[in-house]
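Peer 1: My questions all concern the structure below.
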Ligand code: HEC
Ligand SMILES: [Cu+2]
């Protein structure tokens with residue numbers, strides 16, 4: 001009876017773990033489905049180290065079982081005394097050199113790749129200045145949101161990082177308040193964003209992988225940074241080069257705050273200019289604000305990095321940000337009526353810069369249609 005209960009428990013556990021593990025391997029967020037050069041290399045390193053560990057564990061289990069089975073008292077008798085091999089030269093050499101060899105096999109590619117992946121010389125031109133030919137993004141991590149500044153383009157955006165595919169994207173990382181960590185699981189990382197000093201590296205986003213994951217990858221803060229750390233997410237839109245250029249051009253074209261189109265939105269704009277603009281810019285220039293840049297807020301897929309992007313959620317967020325992200329820095333900084341908040345929300349939903357071509361929404365439909373066709 002007891003045995004049957006035990007096996008039911010084990011089967012339950014295995015089913016649960018299998019269901020849990022089936023969440024792994026999603027294109028847009030899994031290290032196990034690398035989406036570019038760096039992710040691929042890091043994946044190889046993982047496979048190599050797991051292979052070496054397995055080799056050690058399996059060999060030890062085999063040797064151990066062998067020893068247990070061979071040296072049973074019933075077999076060798078009561079008075080058997082094993083040979084004393086302490087200090088035996090041959091054995092000592094064997095069991096010292098095998099681990100050293102394994103460590104060397106692990107160390108050579110690891111050290112090589114650490115230096116290769118940290119090689120950001122391409123970011124500089126010959127005079128030690130910033131290389132204007134490259135895609136460079138200055139990332140500032142804040143409790144609990146992300147700012148992305150493109151120094152070569154003089155464009156700033158928040159929460160959603162837009163990158164070109166099939167080329168290096170260089171990152172300079174820093175923390176705006178405490179230490180965070182920048183991680184795009186499918187593409188590579190993680191690298192700390194420190195308050196003192198800048199960490200740099202680069203990532204590559206393959207166009208094919210981007211297309212497979214509907215051009216959207218997930219990014220995360222990977223360093224416990226406060227009560228809402230788990231909600232400190234961002235999105236990466238990986239666009240083909242022309243569409244990325246178009247997005248940049250659209251962003252650069254916004255020099256003045258957009259004019260509201262309805263009366264409500266116009267009133268909302270005025271309320272925004274009185275209560276919110278001190279922390280939020282609505283043109284894509286000027287890094288280092290207290291709150292996220294909202295110039296392209298209407299184009300985003302999420303609110304505050306994790307809420308579904310619709311007006312209802314936006315109103316709820318403005319009413320009580322604390323209930324969504326405890327400890328965030330927008331809480332209790334203004335006092336507005338429900339009616340005023342509705343107007344502000346309708347104004348914010350209008351803040352769009354994409355004129356279609358950089359629009360991920362339209363791209364997103366494509367791969368699904370394709371896969372349907374492929375199924376026929
Ligand atoms: C004291 C500065 C401050 C003020 C004032 C402020 N905010 Fe914020 N706001 C923030 C910060 C900081 C965040 C990021 C919160 C987080 O995600 O942790 C934020 C986030 C947001 C977001 C989500 C942004 C995104 O990228 O998804 C919206 C929308 C927003 N604020 C709207 C407003 C509106 C509307 C007002 C005025 C009624 C306002 N804020 C006033 C600091 C401020
Ligand atoms: Cu963080």
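Just so you know, glycine gets a Cβ as well, placed from its N, Cα and C.
Reproduced below are the annotations present in TrEMBL:
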type	residues	note
COMPBIAS	355-367	compositional bias 'Basic and acidic residues'
DOMAIN	23-121	domain 'Cytochrome oxidase subunit II transmembrane region profile'
DOMAIN	132-250	domain 'Cytochrome oxidase subunit II copper A binding'
DOMAIN	263-352	domain 'Cytochrome c'
REGION	355-376	region 'Disordered'
TRANSMEM	45-69	transmembrane segment
TRANSMEM	90-115	transmembrane segment
Peer 1: Using DSSP, tally how many residues of the domain 'Cytochrome oxidase subunit II transmembrane region profile' (23-121) sit in helix, strand and coil.
Peer 2: 68 helix, 0 strand, 31 coil
Peer 1: Per DSSP, what is the residue tally for the domain 'Cytochrome c' (263-352) in helix, strand and coil?
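Peer 2: For that range the per-state counts are 41 helix, 4 strand, 45 coil.
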Peer 1: Could you give me the DSSP helix, strand and coil counts for the domain 'Cytochrome oxidase subunit II copper A binding' (132-250)?
Peer 2: 19 helix, 61 strand, 39 coil
